[in-house]
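Report on the structure given below.
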Amino acid sequence: MAQIIDGRGLAEKLQKKLAEKTARLKEKTGQVPGLVVIVVGNNPASQIYVRNKERSALAAGFRSKVERLPEETSQEELLSLIETYNQNPDWHGILVQLPLPEHIDDEAVLLAIDPDKDVDGFHPLNMGKLWSGHPVMIPATPAGIMAMFHEYGIELEGKRAVVIGRSNIVGKPMAQLLLAKNATVTLTHSRTHNLAKTAKRADILVVAIGRGHFVTKNFVKEGAVVIDVGMNRDENGKLIGDVKFDEVAEIASLITPVPGGVGPMTITMLMEQTYQAFKRSLES
């Protein structure tokens, strides 16, 4: 039976350390990190995520602000607000909650955020730095997974890693971070031929395909480490991952649960990157 990776417990531990670091810097400088979250419309899931981010920022000792904009906000109005925060030195991190309403171009919005304040790590400049081996802002979910590997002493060098899912938010940056640790990485997706066969070769399997219970024990080698990034709802409204947890846990060596695995770490890494952006602003 697999050991369960306690993402919630690890996130709380790192959050406590972050609050201590913030308090020390405040004592030295009289300043704290500032994080603004911008949300457009009333998507219920977005509202939950935003509340969690706000709660986490306040727990870390940050100054936190949420800009709640109506659904009909124009793209120009949103870009203008982002530029206001770009120019304000009191705010070190800017998060725009996705998804945005259909009339707003996500890419234009992500491009508008100052790369130095892009704590989501989605700006093309930050993506380029990651791929060139000089990361500054890293997408928070892959960053959280790497922190899990470190905390649990999971060796990556020389290991075969398979990532299922090729999004810019998780799959691609995850593959690059694993490569940087000298893993041999295969990046797969829903159209990969013989996907289960490919996945079954993995020592490290990261699943971010967005399909509930997509990965069964037929995808998993005995003793593999399995990271489930999925967040889906079943027919009863229960939150489930991309991995069929009960059967995969019988053969994996370590596995993340859903909920309580990757999710809490994602928010903690957003806070860590806000802190780092604040530190860089003090040094510049």
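Glycine is treated like the rest: Cβ placed from N, Cα and C.
Taken from Swiss-Prot as is:
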BINDING   G165, R166, S167, S190  NADP(+) binding site
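Counting only residues at least six positions away in the same chain, the Cβ atoms of I209, R211 sit under 8 Å from the Cβ of S190 (NADP(+) binding site). Looking at the residues that bind NADP(+) per the record, G165, R166, S167, S190, the two CA atoms farthest apart are separated by 12 Å. The Cβ of R166 (NADP(+) binding site) lies under 8 Å from the Cβ of K172, L187, T188, H189, each of which sits 6+ residues away along the same chain.
Other residues of the chain with a Cβ within 8 Å of the Cβ centroid of G165, R166, S167, S190, the NADP(+) site, are I164, V170, G171, T188, H189, A208, I209, G210.
The Cβ of G165 (NADP(+) binding site) lies under 8 Å from the Cβ of G171, T188, H189, V206, V207, A208, I209, G210, V229, each of which sits 6+ residues away along the same chain.
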